Amino acid sequence: MGSLNADAYAEKESFLTTSTDCNSSDENVSLLGNVSIRPYPQAQEGRTSFPGAVFIIVNACIGAGILNFPAAYAATGGPVAGVIVQLVLLLFIICSLLILALCADIKRSSTYQDVISSMCGKHGRICCEICIILYCFGACITFLIVIGDQTDLILQTFLPEDVAKQFWAKRQFMIFLLGTFILYPLCLPKKVDFLKYPSSVGVFATLYVCAVIILTYYLKKGTHTLHPTTHSDYSWTRGFAAVPTICFGFQCHLSSVPVYASLKHRNVKHFSLIVLTAMSVSSVAYILSGTFGYLTFGFAVCPDILSTYSAKNAAISVARVMILVNMLTTYPVLHYCGRLALETMYKGFRGMAADDDDPHERRRRAIETTSWFVLSLLLAMFLPNIQVVISPIGGLAAVFIFVFPGLCFLQFIFKHSATSERKRQYLIAAAIAFVAIGTFIFGTSVTQSVMDDISGQSLAQCVNEASP
């Protein structure tokens, strides 16, 4: 999962028409039989091109999640099972992205929250905003943990062994130092537009990580004994631990609606090509990193694949620096999205419009930012690894991928579909299946995370290479 799209797009309106034919034209695109959505003539086209939209969605997908995919594949029993689980989930993920685009056209919605509000009402929007706040907060903790892990190993690369053991070179202190003097100041501004381009380094960083994992596997294969890739204690129930990681890795739905709203050619058919391209790029990157990372270390792989390699490996050290920079620029963007959802909820409860001037906004923003930062910092300093956080927020990602799109699709069928009764029943069953799958993944992910914490499974030791 990369960064969320923090740009605000002007809301545009549309109207829904039903007809008795299924013909398509430039102004009337037929959807689901004889249901069509036609934009108002005054609606303006956006400015985002096909390549730009693909890049934004890929950037929203791949990020810190790629570090956990080898461990996720290990949890399923190997890359074959891992890839199968990933591809099955990917079908649902693509469908849910198209459902969001379909529902966004009804009222020309420009954000994920607007889609939920238009389809599920006020209470649905409040639930959505609460989930966004929790998801962004969990992602921020993940980024801080990754920052600490990578900084710790980077210092081991350049410092003598006795110096690297000093307290100021330890993971917890570096999280505190970088967080306080870099992240906190970046989170205070009202807008974070200045981080739009630096945060895009995430795509190149993760692709570099993928390439290094593959290259290191072949180098290691010829010079070292690889770790075993079988495990006598493996259970199929442990394989479910991969699902939250996959959901976390492919969660780009919060960014997809703003991207769709800004397209030069805003229609579901054009957007489907963008989604297929972006998901293909992301899926290939995840499959390659997950497969070769697992083949290199087997069941001994760390939740953060880069932590498994030697601190003296030069190519891996470059990857650590790139991931570190990506996390430092992505944290403020995720914080901004969470704070924006918090502000929207606050103004909603106060009966204020989103664009109303508030004389206390600056003070409230400082309090919200400080509270958010301090709490996430403390949790990141004492949590052992990213798997502890990815499990529950992967469950929340499933809510954005399955539950909310499923509810929106259900409302769409009830309110706007004029198809045959038999087809209508199939569509209703599909929508209910989306909601049921998402609810199941969320519940089991949180339960598994709690059970792992109680049993100490989250503290299980992984291998750390003594040499490249």
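Placed from the backbone N, Cα and C atoms, the Cβ positions cover glycine too.
Taken from TrEMBL, the feature domain 'Amino acid transporter transmembrane' covers 47-448.
Positions annotated as transmembrane segment by TrEMBL: 50-71 (among others).
For the transmembrane segment (83-106), same-chain residues at least 6 beyond its ends with a Cβ under 8 Å from one of its own Cβ atoms are 14, 16, 31-32, 37, 39, 73, 76, 112, 114-115, 118-119, 239, 242-243, 246-247, 250, 252-253, 256-257, 260-261, 266, 268, 271-272, 275-276, 279, 283, 286-287, 290-291, 401-402, 405-406, 408-409, 411-412, 416, 434, 437. For 83-106 (among others), the entry in TrEMBL reads transmembrane segment.
Residues annotated as transmembrane segment in TrEMBL: 126-148 (among others). If you look at the transmembrane segment (126-148), the same-chain residues 6 or more away from its ends with a CB under 8 A from one of its CBs are 1, 4, 64, 67, 112-113, 116-117, 120, 171-172, 174-175, 178-179, 183, 251, 254, 304, 323-324, 327-328, 330-331, 334-335, 337-338, 341-342, 344-345, 348, 372, 375-377, 379-381, 383, 385-386, 389-390, 392-393, 396-397, 399-400, 404.
Marked as transmembrane segment by TrEMBL: 168-188 (among others).
If you look up TrEMBL, you'll see 200-219 (among others) marked as transmembrane segment.
According to TrEMBL, the transmembrane segment annotation covers 239-261 (among others).
Feature annotation from TrEMBL assigns transmembrane segment to 273-295 (among others). Here the transmembrane segment (273-295) has long-range neighbours at 50, 53-54, 57-58, 61-62, 65-66, 69-70, 72-74, 78-79, 82-83, 86-87, 90, 93-94, 97-98, 206-207, 209-210, 213-214, 217, 226, 229, 246, 249-250, 252, 256, 259, 263, 301, 305, 308, meaning same-chain residues at least 6 beyond its ends whose C-beta is under 8 angstroms from one of its own.
If you look up TrEMBL, you'll see 315-337 (among others) marked as transmembrane segment.
Beyond the transmembrane segment (372-390), the same-chain residues lying 6 or more positions past its ends with a Cβ under 8 Å from any Cβ of the stretch are 64-65, 67-68, 71, 137-138, 140-142, 144-146, 148-149, 172, 175-176, 179-180, 183-184, 187, 244-245, 248, 302-304, 307, 335, 338-339, 449, 452-453, 458-459. Marked as transmembrane segment by TrEMBL: 372-390 (among others).
Look at TrEMBL and you will find 396-414 (among others) tagged as transmembrane segment.
Sequence annotations record features per position, and here TrEMBL assigns transmembrane segment to 426-446 (among others).
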Message: Does the structure show the transmembrane segment (315-337) and the transmembrane segment (168-188) touching, where I'm treating 3 or more Cβ pairs under 8 angstroms (sequence separation 6 or more) as a contact?
response: yes
Cβ contacts under 8 Å made by the transmembrane segment (200-219) with residues that lie 6+ beyond its boundaries: 2-3, 55, 58-59, 62-63, 66-67, 70, 285, 288-289, 292-293, 295-296, 305-306, 309, 313, 315-316, 318-319, 322-323, 325-326, 329-330, 468
Field: Tertiary contacts of the transmembrane segment (396-414) (same chain, 6+ residues out, Cβ under 8 Å)
entry: 1, 92-93, 96, 99-100, 102-103, 106, 112, 115-116, 119-120, 124, 128, 131, 134-135, 138, 243-244, 247-248, 250-251, 253-254, 424, 427-428, 430-435, 437-439, 441-442, 445
